[in-house]
Ligand SMILES: C[S@@+](CC[C@H](N)C(=O)[O-])C[C@H]1O[C@@H](n2cnc3c(N)ncnc32)[C@H](O)[C@@H]1O
């Protein structure tokens, strides 16, 4: 297969049948023979169409007699691809978007409906030219933002309650961007200067990130990550800037025993091992064996030896009670802070799944806090921005465990600029230009309050 739009159609059709977007993309690309530029086009069309699904359906609802969900599923998929190009891909001439979409319809069993496809797309072009905001959006702010920026109402509601209208709109726009790639340099193997020089010689642009001495943000097209200089030598690992803050908040020291209770695939475990200069013990626990295999590969590539793997449910590991100087609980979460990275996550998560996660997070915190020695530290972190998975988890824990208290980062530490008045850190992506994250450092005192 050599037509990128046909490849995008097959992948998007699989997503509409329930496949994960990244899995559908890999599968479709593997079956195709495409130039690098066409592979990028497939990725953009697929991820963009999945993200913008609600807006695209709303356009179909306005322009066609039959609502989007009444259209044959594969025809709806084809219309999404065409409308996505017209609305969001300025580089693609409108005529090319229309003609290729009509072709797709013809090739995929809708030869009798090419007039309908052509007519709908051309009507979209005429309406958008006449007035860029021709969509008749509802007055209700939750629905209006949800349709315009393509999020479910409940997510908009969660953000509106915390941020208000103007900031929520900025956050929505930020979450619809193509995600950036950050590297964390392994100081045990190289220096940030050496990596900068190697990337520059390979024609890759990168910039430093304020407050994070080991971080570089890649700019523009990078091609395959595994082919970048230094990958095989363990010079760096891909890790978003805000995830790098977590290791600094934990502040592990050489010689300590540290338990990373939800560790796989090891982004933070390997950071901890680097921060202790590979001297001490980092227990990497996780209940998913396949993800732990990835962690092992990462540790080997980075040449880190202080990491020990423990497969199992971290709610049930009594052998670790009172053994750790520090514990990291990077808990499973709804990922509302990283929706730009997982195009379909906004459609998969629900208020009910958030409540289930909140229960799991509270159980994990109750158990893993027992791993910490008196006087020790636990950092709770999640890449979500939902209060039920963040503030509520911590507030309940502190109410039930009066021998624990929040220890905010010291004023001149790397994390201090993200600290809230409660002592926990909240990274809002549209303000900080990095993934959304919540993190808090708790210290176990010797006495109950
Ligand atoms: C947010 S991810 C961890 C990411 C990792 N810390 C990193 O930086 O690469 C959450 C992890 O928790 C694991 N997990 C979920 N429930 C668990 C449980 N009850 N016990 C142990 N691990 C669990 C999942 O398998 C997943 O790998």
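Don't overthink the numbers, they just go from 1 along the chain as shown.
Every residue gets a Cβ built from N, Cα and C, even glycine.
Noted in TrEMBL for the protein shown:
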ACT_SITE  383  active site, nucleophile
BINDING   262, 263, 264, 265, 266, 267, 268, 286, 313, 330  S-adenosyl-L-methionine binding site
DOMAIN    171-445  domain 'SAM-dependent MTase RsmB/NOP-type'
Exercise. How many Å separate the Cα atoms of the residue listed as 'active site, nucleophile' and residue 268 (S-adenosyl-L-methionine binding site)?
Worked result: 13
Seminar exercise, completed: Among 262, 263, 264, 265, 266, 267, 268, 286, 313, 330, which the record lists as binding S-adenosyl-L-methionine, the farthest-apart pair of C-alpha atoms sits at a distance in angstrom of 19
Seminar exercise, completed: residue 268 (S-adenosyl-L-methionine binding site) -> DSSP, reduced to three states, gives helix
Seminar exercise, completed: residue 383 (active site, nucleophile) has its Cβ surrounded, within 10 angstroms, by a count of other Cβ atoms equal to 25
Exercise. Relative to the Cβ of residue 266 (S-adenosyl-L-methionine binding site), which residues of the same chain, six or more apart in sequence, are found under 8 Å away?
Worked result: 284, 294, 295, 296, 298, 299, 307
